[in-house]
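S.K.: Okay, so TrEMBL annotates it like this:
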- 17-86: DNA-binding region (DNA_BIND)
- 118-186: DNA-binding region (DNA_BIND)
- 1-11: compositional bias 'Basic residues' (COMPBIAS)
- 59-91: compositional bias 'Basic and acidic residues' (COMPBIAS)
- 130-142: compositional bias 'Basic and acidic residues' (COMPBIAS)
- 159-190: compositional bias 'Basic and acidic residues' (COMPBIAS)
- 1-25: region 'Disordered' (REGION)
- 54-142: region 'Disordered' (REGION)
- 155-209: region 'Disordered' (REGION)
């Protein structure tokens, strides 16, 4: 029997800023209408994609350069936004990525069983993200989730430490509150299980007498 494959791939982070379009897809966006005309009325999307592929293939490196340059610029922006996002991810997400597969399984089991446990607070970045998402969508309801995430990341990156302070302060306050609630919860949870084992031990002693 073949050996088991390595650990499973970590789940995709749906909140993470999405990668920008490649040079080819930037070209496709600009020339889709032209390709549709070439394909003729009633042609399928796959036929249009085929024509776009042929059009791209005929371009010289010099003609592709503007698209490649745009892609590089967007990738640089994405990298900065992604670094900022990772740095400000909630602790729960960071921990789940770093823990071993075995530890991950145990944690998921506990999470499934313990629905009443206090939820971890949001980080300063996530609090800012909540505010700005609403604001951006009010201005332009047609914005895609990916575009909103990208803009939020860029805005956060441009902010000074002074501008970030209200969010950092709120995150610190929420974290402190969470730690207090969590400590009480753990204590109560521990007492329950301790009391149960104490009763069991007492019963055993009585039966021995």
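Glycine is treated like the rest: Cβ placed from N, Cα and C.
Keep in mind it's a predicted model, so treat the numbers as computed, not measured.
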S.K.: By a Cβ-Cβ criterion of under 8 Å, what residues six or more beyond either terminus of the compositional bias 'Basic and acidic residues' (159-190) are in contact with it?
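M.R.: Counting only partners 6 or more residues beyond its ends, the compositional bias 'Basic and acidic residues' (159-190) has Cβ contacts under 8 Å with 116-125, 127-128.
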S.K.: In this predicted model, what is the average pLDDT of the DNA-binding region (17-86)?
M.R.: 88
S.K.: Other than its close neighbours in sequence, what residues sit by the compositional bias 'Basic and acidic residues' (59-91), given a CB gap under 8 Å and a spacing of at least six beyond its ends?
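M.R.: Contacts with the compositional bias 'Basic and acidic residues' (59-91): 16-17, 19-24, 26-27, 120-126, 150, 153-154, 156-157.
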S.K.: Work out, from DSSP, the number of helix, strand and coil residues along the DNA-binding region (17-86).
M.R.: 57 helix, 0 strand, 13 coil
